[in-house]
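The Mg(2+) 4 binding site annotation in TrEMBL covers B:Asp38, B:Ser53, B:Asp83. Annotation comment: TrEMBL describes B:Asp38, B:Asp83, B:Asp217 as Mg(2+) 3 binding site. Sequence annotations record features per position, and here TrEMBL assigns Mg(2+) 1 binding site to B:Asp55, B:Asp130. The annotation Mg(2+) 2 binding site is assigned in TrEMBL to B:Asp55, B:Asp83. According to TrEMBL, the substrate binding site annotation covers B:His62, B:Asp267, B:Tyr318. Residues or ranges marked as ATP binding site by TrEMBL: B:Gly129, B:Asp130, B:Arg152, B:Ser219. Summarising the annotation, TrEMBL assigns Mg(2+) 5 binding site to B:Asp220. The domain 'PurM-like N-terminal' annotation in TrEMBL covers B:36-144. The domain 'PurM-like C-terminal' annotation in TrEMBL covers B:157-299.
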Protein chains: 2
Amino acid sequence: MPGPGEFELIREYFGSRFNTGARQGSDAHTVALGIGDDCALLNPPAGKVLATSVDTLVAGVHFPAAEDPFRIACRALRVNLSDLAAMNAEPLWFTLALTLRDSDPQWLEPFARGLAQTANQYGITLVGGDTTKGPLSITIQVTGACEQPLRRDGAGAGDRVFVSNQLGAAAAALPLILREVDGSVTQMEQAYAAYHFPEPQFAVARAIGPYASAALDISDGFLGDLGHICEASGLGADLDLDNFPVAELARSMNGETALETALTGGDDYQLCFTLPEKHLQTVQKLQLPITAVGRMRAAAGIQCSLDGKPWQPGATGYRHF
Amino acid sequence: MPGPGEFELIREYFGSRFNTGARQGSDAHTVALGIGDDCALLNPPAGKVLATSVDTLVAGVHFPAAEDPFRIACRALRVNLSDLAAMNAEPLWFTLALTLRDSDPQWLEPFARGLAQTANQYGITLVGGDTTKGPLSITIQVTGACEQPLRRDGAGAGDRVFVSNQLGAAAAALPLILREVDGSVTQMEQAYAAYHFPEPQFAVARAIGPYASAALDISDGFLGDLGHICEASGLGADLDLDNFPVAELARSMNGETALETALTGGDDYQLCFTLPEKHLQTVQKLQLPITAVGRMRAAAGIQCSLDGKPWQPGATGYRHF
């Protein structure tokens, strides 16, 4: 069906809602020209390094095609913001490349609303985009500014390994969201919150920025992502799982295998970071929602212990939706 | 089929070929950290404004799915670079979000080769990306730096309207490329050059940058795109078509309707710009490949004349592949 053209689409659903372009708001000093020209024109903050990341979510792969568009938008932008948080960057601008089967207002309106709500919450401005016809997919590129970037290649042998908050909720949520299993109202609420509204860990990143030696966000599962820090830093790690922060939903849904869910489940977007011993006391005094789970070591590989005994998870990696 | 994972894919085909990340090359001062972390880290050139643009090409919509991947890559990046040229921005960085049905080396190798060749030719560095499984589509976001941005909202009444080089070749090429009609070897060569290797008009943009009042690249057809300048600048235009620069391929393929092809056909990526009368002599002395085709006026709408008589094209807009 011939819907409205590309230009009208962008203008109608995104132009007005996002206050794009030059304006009086908090981003007036960085956005010289927003949506509507060949390029957006942006003034980078002086003396800072820019951090940028792009992610694509494909219907039928990263989310069910029939999923609520409001939730899809919230999750898509939050997942991208998490990459900025993991770098200790403050959000500045983002672009949206949206491919749609047709220009259905019943889909676009809640999608744009979810995107705008999330953008406003995290102080990031939509500065450009492209709308094309085709199989539903969403590509978002976020850009932020940072003074103390947290890379994944800076860990040292002996550094403590930390994770933020709890892990395993998003993986435990998936069977509930897909209605493969039944759950209580509380479990469903926890599932939607964990899966659709992951919280980019800006506050934790900002607090640990001056002290941490390496960091990333846990998108593919803790063990795999810690493996990226190990590989990038040329190290291994010893983990003590006795106090590993397993999310309540993982415990209530998965019982005996909850620890494995927390170690290998993806989509939580919590931070994993390493901290040199000398900063341990300083960071502990900050009373952050973080747990020490192990220590980096020179020898490659990741060794786990539970109750003083070696322990191995039954599964690794993660399952896309 | 379970191909190599996302990380291996990116590393194997793009990491090595593009010299991504911190390095000794010409971009060492702007790229602090390339592919492989949560974000790329970039140092924007001091005192310049950044220009950024994103475009998605979907298989079956913007290019035939069976098209040669080398050519797809060249065209995808050139089309995006054209947005930088239209803004008078110099290329800095780009990201690639690639969605693929499977990780077929026979597709990826020539695609990566075409992308790398084009990136090196225009001096733009791949700094990040995402590879996802799904229906084939290519999203590229380019970023450049500019001192004298050429926006589309700066035209004044009385400004001359110019176009660069010739128009209509890409639209005339399409039936040849799709093998809907037969052509000579020369016509086929012209068709592939026009359609797959459009030239971002950096040299023209750089030369007119200090003088032009508005500019854009002609992607959707000259009349429609000039309409964007008119709309953004709150003006109309009078066009004299007697010397309109119609591409040779449009003449040889389309005969009597060649002028219409040049006026309404898309995908040429030539520049359309407006020039205040006071700069006319200065710019004419630069001997650029440009043609004056009309004049901006206060009253809205675009009026064309040919042989001294009012003229209207039979069709407007353009056809995706």
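A Cβ is built for glycine as well, from the same backbone N, Cα and C atoms used for every other residue.
Just so you know, TrEMBL annotations never went through curation; they're auto-generated.
Annotated features, which come from TrEMBL, shown on the structure.
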residue  : record                 : Cβ within 10 Å
B:Ser53  : Mg(2+) 4 binding site  : 28
B:Asp55  : Mg(2+) 1 binding site  : 22
B:His62  : substrate binding site : 22
B:Asp83  : Mg(2+) 4 binding site  : 26
B:Gly129 : ATP binding site       : 26
B:Asp130 : Mg(2+) 1 binding site  : 21
B:Arg152 : ATP binding site       : 26
B:Asp217 : Mg(2+) 3 binding site  : 26
B:Asp220 : Mg(2+) 5 binding site  : 23
B:Asp267 : substrate binding site : 23
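The Cβ of B:Ser219 (ATP binding site) lies under 8 Å from the Cβ of B:Val79, B:Ser82, B:Asp225, B:Gly266, B:Asp267, B:Asp268, B:Tyr269, each of these being in the same chain and 6 or more residues away along the sequence. Listed binding-site residues B:Asp38, B:Asp55, B:Asp130, B:Asp217, B:Asp220 compared with chain A at a CB cut-off under 8 A give B:Asp38, B:Asp55, B:Asp130, B:Asp217 as the close ones. Closest by Cα distance to B:Asp83 (Mg(2+) 4 binding site), from the binding-site residues B:Asp130, B:Asp217, B:Asp220, is B:Asp217. Spatially, by CA atoms, the binding-site residues B:His62, B:Asp130, B:Asp217 include one closest to B:Asp38 (Mg(2+) 4 binding site), and that is B:Asp130. In the three-state DSSP scheme, B:Asp83 (Mg(2+) 4 binding site) is classed as helix. If you measure from the Cα atom of B:Gly129 (ATP binding site) to that of B:Asp217 (Mg(2+) 3 binding site), you get 25 Å. B:Asp130 (Mg(2+) 1 binding site) sits 17 Å from B:Ser53 (Mg(2+) 4 binding site), taking the CA atoms of both as reference points. There are 25 other Cβ atoms within 10 Å of the Cβ belonging to B:Asp38 (Mg(2+) 4 binding site). Here B:His62 (substrate binding site) is positioned 12 angstrom away from the residue listed as 'Mg(2+) 5 binding site', judged by their C-alpha atoms. Note on proximity: among B:Asp55, B:His62, B:Arg152, the binding-site residues of the record, the Cα nearest B:Asp217 (Mg(2+) 3 binding site) is that of B:Arg152. Of all the binding-site residues in the list B:Ser53, B:Asp55, B:His62, the shortest Cα-Cα distance to B:Arg152 (ATP binding site) is found for B:Ser53. Secondary structure counts, DSSP: the domain 'PurM-like N-terminal' (B:36-144) has 36 helix, 44 strand, 29 coil.
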